[in-house]
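K.L.:
Before I ask anything, here is the structure I am working with.
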Amino acid sequence: MGCAPSIHVSQSGVIYCRDSDESNSPHQTTTISQGTATLHGLFIKTDAADSIPSVLAYQSRQQPPSSARPRRKERREPGASARARAPRCCGIEAETQTGTAGVKASTTAVHIGPMRLTQDPIQVLLIFAKEDNQSDGFWWACDRAGYRCNIARTPESALECFLDKHQEIIVIDHRNTRYFDAEDICRTIRATKPSEHTVILAVVPRTSTDQEETSVLPLLNAGFNRQFMENSSITACYNELVQIEHGEVRSQFKLRACNAVFTALDHCQEAIEITSEDHVIQYVNPAFERMMGYHKGELIGKELTELPKSDKNCADLLDTINMFIKKGKEWQGVYYARRKSGDSIQQHVKITPVIGQGGKIRHFVSLKRLHCTNENNKQLYKSHHDEKHTGDNSQSESHSFKCKNRRKDSTDKSITSQSSDAPSLQTRRYSSMARIHSMTIEAPITKVINIINAAQENSPITVAEALDRVLEILRTTELYSPQLGTKDEDPHTSDLVGGLMTDGLRRLSGNEYVFSKNMNLSHSHLSVTNTINDVPPCIAQLLDNEESWDFNIFELEAVTNKRPLVYLGLKVFARFGVSEFLNCSEATLRAWLQVIEANYHSSNSYHNSTHAADVLHATAFFLGKERVKGSLDHLDEVAALIAATIHDVDHPGRTNSFLCNAGSELAVLYNDTAVLESHHTALAFQLTAKDSKCNIFKNIDRNHYRTLRQAIIDMVLATEMTKHFEHVNKFVNSINKPMASEETSSHSEGSDCECTANIKNFPDNQTLIKRMMIKCADVANPCRPLELCIEWAGRISEEYFAQTDEEKRQGLPVVMPVFDRNTCSIPKSQISFIDYFITDMFDAWDAFAHLPVLMQHLANNYKHWKTLDELKCKSLRLPSENNN
């Protein structure tokens with residue numbers, strides 16, 4: 001009988017196979033090129049010319065020569081003459097086979113309740129240090145059963161193979177400890193997440209008849225599921241594996257499928273509660289938590305009797321419910337429940353008993369939804385739909401009667417109310433509801449309005465009138481933009497808000513000022529900056545302190561001749577591994593930073609590359625905070641740093657309102673909407689793609705590029721002030737409040753990690769964090785040390801003064817009249833800006849990121865401006881400070 005064929009891999013990745021018992025005839029050599037081929041039942045796959053085939057993925061570093069190991073007569077399963085044994089190359093630590101005879105590898109249909117699952121062919125990992133009859137027995141047993149099998153020779157290759165393939169069954173040789181510790185291998189595998197549903201079998205030596213059988217507990221404690229007494233019979237091995245497949249493996253497969261069911265429950269909009277037969281709470285979904293105001297940690301494990309009850313239910317209602325469900329019958333009806341806050345809410349409840357082992361009730365599943373919402377909406381929609389098609393008033397009355405007076409007769413815009421309390425109020429309410437319920441696609445705000453309208457029906461007239469005022473507010477398009485209220489008396493605040501938060505669409509005075517840009521921006525004539533490891537000593541010394549919040553960006557501006565962005569960018573990007581993520585060289589990154597900085601206008605007093613460097617510094621500082629770092633991925637960090645770098649590129653030193661009023665080319669191009677922010681992102685990507693030497697995105701794959709690009713665009717657009725309050729309010733409601741609730745209800749040490757992990761699981765939350773981060777970085781000047789804060793205040797005021805001067809020269813509407821260089825009080829403008837934009841936003845950001853240094857600076861700076869204002873000073877410093 002011939003020996004096993006030998007396998008050789010050339011440097012180009014081509015696999016050669018030669019039968020050892022043949023002469024060196026070239027006709028006996030099989031060449032397997034790229035792709036997939038089958039050789040004696042052995043599957044070999046290569047993905048590229050230079051890749052290592054999977055069969056050799058677990059090869060030892062030094063293979064002993066084939067002569068170093070005695071040849072063994074190859075075992076063949078009886079009746080398998082047409083099937084050759086998969087080659088056992090010397091030193092190979094993992095081999096792969098798929099059954100080529102006997103039972104063919106195929107998928108299996110498995111049912112768990114009404115759910116139909118498809119199980120792929122079983123995968124088995126054999127961990128044997130040496131090839132012997134026992135390993136042969138399991139090998140051929142896998143072949144007979146149609147399982148996919150791998151063999152590993154060392155603990156390292158075993159773990160690597162398992163993490164790669166996630167086998168359902170692992171067989172470990174536990175007969176001696178000469179080559180490896182089987183229990184250590186088992187513990188190592190059990191420490192990995194994929195092993196949760198894996199069955200691990202220990203092969204133990206056969207005991208003599210006069211020896212007492214050892215306890216299985218040590219094996220179970222090590223992580224094994226079963227033990228197998230040494231038996232090299234193929235049939236014995238086959239029987240063991242098949243029993244495992246039909247027992248533990250299939251059970252584990254069904255358990256894995258339960259993850260899909262729990263995912264569905266977690267995303268279900270109805271509140272769901274599962275209890276034991278003794279009414280101990282076992283599960284509640286997020287909708288239940290939201291409805292009842294509890295965190296699941298406060299509920300799971302508690303008996304229903306421990307929770308407070310509403311006193312609005314009938315005295316015998318609970319007895320009636322228990323009588324039904326204990327008989328195995330489903331109960332549904334209306335029930336009052338008490339929320340954590342103490343409020344009583346009316347629910348439509350459906351309780352279903354679940355029969356388990358022994359034919360006994362093992363669980364109760366409760367579905368709960370707010371009463372008079374969904375069902376009402378369906379009936380109202382049906383009523384309105386039929387009414388619209390028939391136009392018959394009598395039929396409308398019939399439908400109204402069927403709805404039990406939930407809505408009164410309604411034909412088109414003529415509505416008759418049967419309530420004498422407030423006919424005008426009812427008329428307005430029902431006409432709006434008729435329009436809302438005719439919508440087949442409901443937005444979230446529509447659902448809110450539906451709930452409020454339903455609540456109005458049985459409410460006292462005073463409550464109904466109050467809810468009508470709520471509806472009026474909800475129907476506005478500016479839900480997140482606060483009204484000035486009493487603050488509109490302050491001209492500084494009014495002008496500041498008007499200038500920053502409007503699109504500038506005001507009536508022009510007759511002549512339009514066309515603000516044109518030179519779009520032929522050049523990449524050439526840029527000075528060559530040294531690498532970060534070879535910068536001038538004065539710059540390097542300054543950059544040593546760049547991780548501090550008190551870093552002085554103006555000193556860097558001075559020593560770099562107003563070009564601080566390249567130097568700071570190289571240092572920060574290196575710290576966050578940007579080049580490694582983008583797979584680009586430092587030279588490419590340096591060239592890109594030079595191009596971006598060259599397109600900032602150094603003539604601008606505020607919106608120049610120093611401001612960009614300042615925002616980049618603040619962004620990097622925020623990314624270093626533990627909770628921010630734990631909530632974002634590396635891609636998010638890279639996107640944030642790039643967004644900060646480009647967020648004001650080619651800024652003309654004028655506001656969006658000015659450009660819209662002037663009819664500038666950019667305003668026309670971007671339809672007067674987020675004009676500058678759209679221009680900054682578009683130009684930055686144009687400049688990047690224009691020259692390969694500075695294209696930092698050229699080496700990342702398309703999907704990563706698309707995700708990165710969208711994140712950068714989203715963050716830069718978030719710096720537009722018209723949606724300032726929308727971003728802040730969404731952050732507070734989606735991040736701050738849920739985290740505060742979790743921290744209050746959880747007293748475990750890992751609560752903070754759990755909070756950030758939960759955030760990381762929701763991309764929408766990560767987006768809100770990135771938006772908030774760049775917004776805070778963009779306007780962080782009031783939170784800098786006083787000297788820096790004063791300098792920034794002077795610079796932004798000068799830029800606004802210049803805009804007002806130009807508006808007057810060109811006959812354009814003056815967007816911010818208060819910023820007249822002859823009359824403006826800079827302290828007042830800073831106080832208004834802090835009061836209206838900064839305080840709430842940084843309170844929210846501090847609650848998330850924990851920024852005590854910034855908040856202390858903000859308090860000190862605000863006190864400084866207040867003192868100047870009280871002294872009626874128009875300068876930026878106190879007289880005592882000027883004297884010093």
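The backbone N, Cα and C atoms fix where each Cβ goes, and this holds for glycine too.
When I checked TrEMBL for this same protein, it listed these features:
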- HIS607: active site, proton donor (ACT_SITE)
- HIS607, ASN608, SER609, THR610, HIS611, ASP648, ASP778, GLN830: AMP binding site (BINDING)
- HIS611, HIS647, ASP648, ASP778: Zn(2+) 1 binding site (BINDING)
- ASP648: Zn(2+) 2 binding site (BINDING)
- 59-68: compositional bias 'Low complexity' (COMPBIAS)
- 413-429: compositional bias 'Polar residues' (COMPBIAS)
- 264-307: domain 'PAS' (DOMAIN)
- 531-872: domain 'PDEase' (DOMAIN)
- 56-86: region 'Disordered' (REGION)
- 384-429: region 'Disordered' (REGION)
K.L.:
What are the sequence-distant neighbours of HIS647 (Zn(2+) 1 binding site), meaning same chain, six or more residues apart, C-beta distance under 8 angstroms?
P.N.:
ALA612, VAL615, GLU677, HIS680, MET715, VAL716, THR719, ILE774, ASP778
K.L.:
For the domain 'PAS' (264-307), what are the same-chain contacts with Cβ under 8 Å, counting residues 6+ beyond its ends?
P.N.:
337-341, 345, 347, 360-370, 741-742, 745-746
K.L.:
Express the predicted model's confidence over the domain 'PDEase' (531-872) as a mean pLDDT, rounded to an integer.
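P.N.:
Mean pLDDT across the domain 'PDEase' (531-872) comes out at 92.
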K.L.:
Could you give me the DSSP helix, strand and coil counts for the domain 'PAS' (264-307)?
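P.N.:
Helix/strand/coil tally for the domain 'PAS' (264-307): 18 helix, 12 strand, 14 coil.
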K.L.:
Can you tell me the CA-to-CA distance separating ASP648 (AMP binding site) and the residue listed as 'active site, proton donor', as a whole number of Å?
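P.N.:
Per the Cα atoms, ASP648 (AMP binding site) and the residue listed as 'active site, proton donor' stand 7 Å apart.
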K.L.:
Just name the most isolated of the binding-site residues ASN608, THR610, going by other Cβ atoms within 10 Å of its Cβ.
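P.N.:
If we count Cβ atoms within 10 Å for the binding-site residues ASN608, THR610, the smallest count is at ASN608.
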K.L.:
Reported as an integer number of Å, what is the Cα distance between the residue listed as 'active site, proton donor' and GLN830 (AMP binding site)?
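P.N.:
GLN830 (AMP binding site) has its Cα 17 Å from the Cα of the residue listed as 'active site, proton donor'.
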K.L.:
Give the sequence-ordered set of same-chain residues, not counting HIS611, HIS647, ASP648, ASP778, with Cβ within 8 Å of the centre of the Cβ atoms defining the Zn(2+) 1 site.
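P.N.:
Sorted by sequence, the hits are HIS607, ALA612, VAL615, ALA644, HIS651, THR719.
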K.L.:
Using a 10 Å radius around its CB, how many other CB atoms surround SER609 (AMP binding site)?
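P.N.:
Neighbour count, Cβ to Cβ under the 10 Å cut-off: 29.
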K.L.:
So if I measure Cβ to Cβ from HIS611 (AMP binding site) and keep only same-chain residues at least 6 apart in sequence, which ones fall under 8 Å?
P.N.:
ASP648
K.L.:
Output the one of HIS607, ASP778, GLN830 that, of all these recorded positions, has the highest number of other Cβ atoms within 10 Å of its Cβ.
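P.N.:
Counting Cβ neighbours within 10 Å, the top one is GLN830.
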